[in-house]
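Trainee: Pulled these features from Swiss-Prot for this protein:
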- 10-30: transmembrane segment (TRANSMEM)
- 33-53: transmembrane segment (TRANSMEM)
- 61-81: transmembrane segment (TRANSMEM)
- 92-112: transmembrane segment (TRANSMEM)
- 152-172: transmembrane segment (TRANSMEM)
Amino acid sequence: MDLPAPIHDFLLVFLGLGLIVGGLGVVLLTNPIYSAFSLGLVLVCISLFHIPANSHFVAAAQLLIYVGAINVLIVFAVMFMNGSEYYNDFHLWTVGDGVTSLVCTSIFVSLITTISDTSWYGIIWTTRSNQIIEQDLINKGQQLGIHLSTDFFLPFELISIILLVALIGAIAMARQ
């Protein structure tokens, strides 16, 4: 996707803020369900980073695999656990929390300085799918990826939503 530079920068900043907010939600929220949903936000933002880089199939695959499978599995596992054990013995701040905050803050600052010093416009990300087809360099796996991300995208997404609804219904019936 060839976006103008200001829109590209805004999109990257917006997705980066989504990553930061979601990561803070995973770490700071005491309810494990809310933490799992924050993890879902992080995984969605990570997969959306591939769209400006013309890697639409990678974005869709990561969205389906990580958000559609891994995060749903985490939510179901948390739903089956006893929720009362998370609220006992809640300490406001410990030494381990301080050390972890210091390490994470230093890693965050080093990443921010590295990202701001990198020239992102000189990087060649990927080729477009129509150029790959024209070069006749594709194998069966690449053809499948191209068709799933173009021709069969809507049916593929609808099947995944139907499977998700069936899983949620099965879990709800099993809990009763």
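Cβ coordinates come from backbone N, Cα and C, glycine included.
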Trainee: Tally Cβ pairs under 8 Å between the transmembrane segment (152-172) and each listed stretch (10-30, 33-53, 61-81, 92-112), then give the stretch with the top tally.
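Mentor: By Cβ pairs under 8 Å, 61-81 leads among 10-30, 33-53, 61-81, 92-112.
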Trainee: Given pairs 6 or more apart, does the transmembrane segment (61-81) have at least three Cβ pairs under 8 Å with the transmembrane segment (33-53)?
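Mentor: The transmembrane segment (33-53) and the transmembrane segment (61-81): touching, yes.
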Trainee: Below 8 angstroms Cβ to Cβ, which residues of this chain, lying six or more residues outside the transmembrane segment (10-30), approach it?
Mentor: 3, 37-42, 44-46, 48-49, 52, 86-87, 90
